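K.L.:
The N-linked glycosylation site annotation in Swiss-Prot covers N107 and rests on sequence analysis. What Swiss-Prot lists as active site is S149, D350, H403. What Swiss-Prot lists as disulfide bond is C217-C229, and the listing cites similarity to another entry.
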Amino acid sequence: VPRVPGQAFDASFAHYAGYVTVSEDRGAALFYWFFEAAHDPASKPLLLWLNGGPGCSSIAFGVGEEVGPFHVNADGKGVHMNPYSWNQVANILFLDSPVGVGYSYSNTSADILSNGDERTAKDSLVFLTKWLERFPQYKEREFYLTGESYAGHYVPQLAQAIKRHHEATGDKSINLKGYMVGNALTDDFHDHYGIFQYMWTTGLISDQTYKLLNIFCDFESFVHTSPQCDKILDIASTEAGNIDSYSIFTPTCHSSFASSRNKVVKRLRSVGKMGEQYDPCTEKHSIVYFNLHEVQKALHVNPVIGKSKWETCSEVINTNWKDCERSVLHIYHELIQYGLRIWMFSGDTDAVIPVTSTRYSIDALKLPTVTPWHAWYDDDGEVGGWTQGYKGLNFVTVRGAGHEVPLHRPKQALTLIKSFLAGRPMPVLSDLRSDM
């Protein structure tokens with residue numbers, strides 16, 4: 001991609017966009033946008049970023065407003081450089097997954113109605129294997145998976161598929177070293193329990209509703225809730241009012257576009273429909289930009305796809321999601337045995353997959369503590385959040401961030417990815433003093 005429309009600056013790095021066919025039979029192809037590292041890409045690791053949903057585009061969120069180098073302008077007609085882009089530290093690959101999300105497609109129409117966890121992991125593994133044939137310089141390069149929200153399923157499931165593929169075939173071209181997930185759907189029981197507790201302790205819902213949620217919704221699947229649970233979720237949404245459940249202390253986007261999304265837990269299963277801060281309407285800007293014909297042409301989008309309206313999140317995929325594991329904790333146990341670097345992080349103002357949910361899920365893993373709970377500090381010497389190290393897993397909170405941590409706290413998110421990739425703890429005050 002030489003340039004994208006509305007790019008009024010020169011980029012110091014190369015970037016590529018296009019498709020990889022993951023099934024000839026189904027005519028299924030996944031869309032990617034790949035950014036080389038800004039400096040010395042040959043020495044930097046490869047990173048895959050996935051957004052959640054299920055049904056949300058990593059191009060819309062990951063590139064357009066979170067960790068990508070190009071963020072969409074408020075007029076939806078151009079892009080500006082993100083000073084905290086993660087391609088400062090890695091070569092970063094964004095994938096629209098599964099088929100039917102963003103610019104990804106399938107010629108088999110039934111595919112869009114039959115997506116689920118298992119096929120998503122299989123297709124993503126095929127994607128990576130074929131993508132590395134196209135970019136062979138990244139074969140055996142240190143490789144990490146990252147993502148947020150429903151990627152709490154995608155990422156560990158894909159990591160498991162990669163490790164099992166290694167064992168079955170001896171193919172080591174995907175050199176997976178670890179993964180990191182944020183505000184991640186992990187375990188339905190602990191996630192629900194943590195959400196209801198968070199909503200109650202932050203004063204969003206009444207005592208009575210809190211009790212009813214725990215009775216009727218705790219043991220529910222995230223994707224398939226019962227009518228009884230739905231009814232109480234509606235009450236909880238009404239009580240909480242018109243706030244952004246993805247970032248409970250910041251203003252909502254005041255436009256017709258935003259009205260449905262601010263219903264707290266109205267649709268818990270849309271765990272990837274991101275909240276957006278500072279400019280609470282960032283998602284709206286992406287809708288304008290990625291529907292522009294000239295943008296689609298620059299990104300080599302299939303012209304047939306360009307004829308239908310591009311969406312940040314697909315309601316059709318979300319409502320027709322087939323298999324959804326109730327818990328991925330058993331996968332964590334398996335992957336910890338492989339010695340992978342595993343980090344979880346939480347923006348602490350998200351009510352959709354809040355910090356409490358992740359803490360309950362980690363507690364259920366019963367891992368011994370290696371480094372006790374303590375504050376970590378950003379470059380300005382302010383508390384960036386809190387962290388605890390376990391045997392096989394590291395947990396980090398990001399103070400004041402919502403569901404999309406890199407959108408709300410971009411500087412702190414860059415510190416987070418730097419620490420993760422270096423395999424070192426989050427900085428403490430003494431680190432900052434020694435740097436002065």
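Every residue, even glycine, has its Cβ placed from backbone N, Cα and C.
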K.L.:
Here the recorded positions are N107, S149; which one has the lowest number of other Cβ atoms no more than 10 Å from its Cβ?
P.N.:
N107
K.L.:
Just how many other Cβ atoms lie inside 10 Å of the Cβ on H403 (active site)?
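P.N.:
H403 (active site): 31 neighbouring Cβ atoms within 10 Å.
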K.L.:
Under 8 Å between C-beta atoms and at least six apart in sequence, can you list the same-chain neighbours of C229 (disulfide bond), or say none if there are none?
P.N.:
L213, F216, C217, E220
K.L.:
May I ask which of the recorded positions N107, S149, D350 is closest to H403 (active site) if we compare their C-alpha atoms?
P.N.:
D350
K.L.:
Could you state the whole-number distance in Å separating the C-alpha atoms of D350 (active site) and S149 (active site)?
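P.N.:
About 11 Å separate the Cα atoms of these two residues.
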K.L.:
If you count Cβ atoms within 10 Å of each one, which of the recorded positions C217, D350 comes out on top?
P.N.:
D350
K.L.:
What does DSSP say about C229 (disulfide bond): helix, strand or coil?
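P.N.:
C229 (disulfide bond) sits in a helix per DSSP.
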K.L.:
Would you kindly give the Cα-Cα distance separating the residue listed as 'N-linked glycosylation site' and S149 (active site), rounded to the nearest Å?
P.N.:
28
